[in-house]
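Trainee: From TrEMBL, for reference:
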- D71, L72, T73, R98, Q114, D118, R267, Y271, Y272: L-histidine binding site (BINDING)
- 1-357: domain 'Aminoacyl-transfer RNA synthetases class-II family profile' (DOMAIN)
Amino acid sequence: QGTRDHAPAQAALRERLLSAVVSCFKRHGAAAIDTPVLELRETLVGKYGEGARLIYELKDQGGELLALRYDLTVPFARYLAMNKITKMKRYHVAKVYRRDNPATTRGRYREFYQCDFDIAGQFDPMIPDAECLKIVHEILSDLQLGDFVIKVNDRRILNGVFAVCGVPESQFIPACCTVDKLDKVPWEEVRSEMVGEKGLSPEVADRIGEYVQLHGGLDLIEQLLQDPKLSQNKVAKEGLGDMKLLFEYLTLFGITGKISFDLSLARGLDYYTGVIFEAVLLQQDNEHLEEPLSVGSVAGGGRYDGLVGMFDAKGRKVPCVGVSIGIERIFSILEQRLEASGEKLRTTETQVLVATPQKHLLAARMKLISELWNAGIKAEMLYKKDPKLLKQLQYCEDTGIPLAAIVGEQELADGVVKLRDVATRKEVRM
């Protein structure tokens, strides 16, 4: 089906993961919003490049053409336009749907969560963009997923490259979608698709190849600013100027060690207008390799200044930049690690089990557990009238409940509760 059920341990892991991501978004001052799962088909079509074929289209009984949301960005832009909002910092965690070929081992599903953070509004260049990259760095560092790199590029630089290499403007987006495959396939295959399927001449493809295989940092930006062809292209020059400014801000944030200016990064979505970025986990399989192997993208985003205007009757634009965390891929990695380690994950947050050592004390248990619940304490008890104490303590060990509140005949007579630390077996009367 391309979807999956989650056992309690998996669900608990997912919840912890989502909680860590949301905590980061809140730390940066974002407010939560929500949008419907269903959108009008016309809202989604024409925004996703070649990904449009993966949109789930529906027809309701009234004859309206609807679709399941493909991502959280387009609905957000529609929301801003409908409500005439010109400034907002938001996060949204929700499911999206893609009619894709599932690859469950790689965390690729037809129904999956996205965790988005976006900044909308007219601000000075590159300050919000730098914060989005800082958020990606924070989340991947906090989750301790291993080594990673955040690739950055700019659609204006790419468009400038295409222009100086002789690509017709009508072919920019198809060329972009082809270049976007460079992280998965070698340049020879990408070149072959450009010539064979996209109709570009071999000479044009070769000129593109000279640029899109470059990656580096500030030094590369400076090099391209001096490039005789690219420096003459107004759009590319703007993009390179902003990229230089972005790197200055990322230096102040102290994260440039994980950032790579990579001209092969294209991100095939139609709506990007400026800076684009993608975070990739790295895996050093072999110590003799010069560069670590990539194990896939776990976050991506960019600037989309024209999207809100598409939904506004008067075409009013609201500049936006945002990032989406690929929670399913991260979840798959953490799940595999958990299985490999044999570590047991708690599936509940229960703090204490209310237990009794003798028969006919169900009323005492129910009275005590009610007091604990009313006091906001997470508590459980076994659903048997007269369970054996050993079984109750075994349940604590099996589920990781740290404390047992034991109330027997003697404790009732003395007006106390015996609190037992399940791990150490130490007891105190309270």
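Glycine is no exception: its Cβ is also placed from the backbone N, Cα and C atoms.
Note that TrEMBL annotation is computational and uncurated.
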Trainee: Counting Cβ neighbours within 10 Å across all chains shown, tell me which of the binding-site residues T73, Q114 comes out on top.
Mentor: T73
Trainee: Just report the maximum Cα pair distance in Å for the recorded L-histidine binders D71, L72, T73, R98, Q114, D118, R267, Y271, Y272, no decimals.
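Mentor: Answer in Å: the longest Cα-Cα distance is 22.
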Trainee: Which residues does R267 (L-histidine binding site) neighbour through Cβ under 8 Å, counting only same-chain ones at least six apart?
Mentor: D180, I276, E278, G300, G302
Trainee: Just going by other Cβ atoms within 10 Å, which of the binding-site residues D71, Y272 has the emptiest spot?
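Mentor: Counting other Cβ atoms within 10 Å of each of the binding-site residues D71, Y272, the minimum falls on D71.
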